[in-house]
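Asks: Pulled the feature table from TrEMBL, pasting it below:
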| type | residues | note |
| --- | --- | --- |
| TRANSMEM | A:12-32 | transmembrane segment |
| TRANSMEM | A:44-64 | transmembrane segment |
| DOMAIN | A:98-314 | domain 'ABC transmembrane type-1' |
| TRANSMEM | A:102-123 | transmembrane segment |
| TRANSMEM | A:135-154 | transmembrane segment |
| TRANSMEM | A:192-214 | transmembrane segment |
| TRANSMEM | A:235-260 | transmembrane segment |
| TRANSMEM | A:297-315 | transmembrane segment |
Amino acid sequence: MDFATEQPKFIQLLVGLAVFGLVVAALLLFIDRAPKRGHERWQILGFLAPAVLLLAVGLIVPAIRTTWLSFQNGDSSAWVGLDNYTWMFSQSDVLHVLRNTLIWVLLVPLLATTVGLVYAVLVDRARLESLAKSLVFMPMAISFVGAGIIWKFVYAYRGDKDAQQIGLLNQIVVWFGGEPKQFLLNPPLNTIFLLIVMVWIQAGFAMVILSAAIKAIPADIIEAARIDGTNAWQLFWQITLPSIRSSLVVVVVSISIATLKVFDIVRTMTGGQFDTSVIANGMYDQAFRFGQTGRGSALAVFLFVLVLPIVIYQVRSLRHQREGR
Amino acid sequence: MAVLLRGRRALVLVSAVGLALVGAAGCSSGTSSNANKDSAECAAFKQYQGHDGTTVSIYATIRDTEADLLEQAWKKFSDCTGIKIAYEGSGEMEAQIQVRVDGGNAPDLAFFPQPGLMNRFVKSGKLKPAPEKVKAEAAKNWSKDWIGYGSSGGKFYGAPLGSNVKSFVWYSPKTFKEKGYKIPTTWDELIGLSNQIAASGTKPWCAGIESGEATGWPATDWIEDIMLRDQGPDVYDQWVNHQIPFNDPKVASAVDRAGSILKNEKFVNASFGGVKSIATTSFQEGGLPILQGKCTLHRQASFYAAQWPKGTKVAEDGDVYAFYFPAVDASKGKPVLVAGEFVGAFADRPEVQAVQEYLASADFANSRAKLGSWVSANKGLDVNNVQNPIDKLSVQILNDPSTVARFDGSDQMPAAVGAGSFWKGMTDWINGTDTKTALDKIEASWPK
């Protein structure tokens, strides 16, 4: 990277940080100087107002506008009623998109959480535990686009027999005497190969949270179970799992939401070709590449409706937990 | 507690101010070069002067080296007129331009690589028609066809800028010499040569259409090029403007002719595998096996010259070169598929119009061509100023009176087709879908 050419970005970053610092400083100053009378009320207002304002500008208004646009045509010049929604559920291409999203949201949380949990249990109190954990956690530090590029190479294909395979997976296939395969070409299996990337990234997240939860199980419970003569299998199902239930829910819910919104991996690896597109990609393509704002908005609204129950569930279980305490 | 609080507050303030200072220091490094505006070398820019101290912003897809060359090409104009040109190139331009225009943050000028994209902004009333001066300058320098591609609804909006020729087949002059192949000048000779190579046990053609979310575009170029050869320019225009349906038998005939090469297991895909490997081979890699002698023919535009590794000699006596993709029926002229950018304006300030006029002039085309790797259909472009052999060949083809040039069809169709279902349909077609199913699906996606 040429530092000189990237310099403007760093300057922008610094300016942004400086402005943020100034705003926060000014806010603190004002709240501190607020009239003694109703001091607390001023404080609440002062701290809440910026957040509420930003939420309104960045979330509430766009959400309403998107819903509004989803009932209009491509260039938002006429009302089309529910046309965009009927289009969504009648086009085979879009149905593929919805099917893929379903596959993603069913498999990724399940696989990532399972892998993370099994790994967390296996390395718990093992030698070199922190090293083993950081290895799995490492992919979390890689951006989705970066991970997409890495895995695109893993799946890379060279069909010629004497050509050198540049893809790790195909090289392994060739070593075992197989024919190289085009992993990303054939639906619906290609979606599975794509979501493995997401599992690879998210398993680390699941592992860290669950590992911490496992460590928080009081030692006396485990000791008591041991004295009662449980084996490792029973210990896991009857002690460990119930004890970390709330963490497990948090992990599954967060990964589910992240998965519903997945965009970068698909875009980097296949660009949504070969029937691998998911809702976020379909939305982007329709709204920004094809100029079909109405259809794009309808997909966005649908995505929002899908995420909503999960969010509500999480908020409720959080409140439930707090009340329980 | 109060003391502590105060101390902390001071710390926040100090660090914030510190950050602000650092930021400000970084910003104050702007320089202004002031050429003498009355000097002899500025005489050529006299007509554009009078807008000293103004800034014109340009947004385009051209990035990196190519962008540097553009900026170099108009530097003198900038120095002599005092109009600062703020250029921004982005690979996301085609999607982001809509966002910027909707957000009230439109650039003054945009280089549209697709007339279809430009028309979207004409339709929404955001684009300004080209002023008289620009219109006159463009009419002087471009053929009627090109003016037509920059127009919409009878009004002229965008003057063409750069151009490229897509009807090329890349080959290795060395291999041709060694094996005694002759450059085919008719369609039959091309197929004959392909058969000859296939009979010797190697596949003749290599292709790659993977290009991220734009996957499929090289395949649509194939179809367009062959549509132009198989059906002629008139049917081509009807097809592009949807006066005949996309699944018309005439289109199917052209697609099948393309399939006689692209879906022929004996012909493709040299060094990559079978027909389906075309779908996952990136467009950048598609022709590279020619250098190792593993592939003989690769149909791709003139701009593929930039894809060869450093040190590759692109010339008639070099490592790689290209020949004209031959016509099916030579008596009907020389069909050529072309593409290029158009300069659309979202503002009509006088300095913006001055830049527009300059970009449409032969002066700019020559100034840019001298810096290398540049082709333009600008009639005022002196072929001696063009640097590379392949660019020279392109300019010659563009200026050849027998040339029947047609603009890349997918770039003119509505984006939902031209940058969506057509790309996708052709990718599926390569991937095994039959011609009829693929074309029916594209026809169904045409916006009503």
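If you go along the chain as it appears here, the first residue is 1 and each next one adds 1.
For all residues, glycine too, the Cβ spot is worked out from N, Cα and C.
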Asks: Go through A:44-64, A:135-154, A:235-260, A:297-315 and flag the stretch with the largest number of C-beta pairs under 8 Å relative to the transmembrane segment (A:12-32).
Replies: A:44-64
Asks: Quick test of the contact rule: Cβ under 8 Å, at least six residues beyond the ends. What residues does that give for the transmembrane segment (A:297-315)?
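Replies: Here the qualifying positions are 63, 66-67, 69-70, 72, 84-85, 87-88, 94, 97, 101, 105, 249-250, 253, 256-257, 260-261, 279-280, 282-283, 286-287.
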Asks: Same chain, outside the transmembrane segment (A:235-260) by at least 6, Cβ under 8 Å from its Cβ: which residues?
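Replies: 101, 104-105, 108-109, 112-113, 116-117, 121, 195, 198, 202, 205-206, 209-210, 212-214, 217, 221-222, 225-226, 279, 303, 306-307, 310-311, 313-314, 317, 321.
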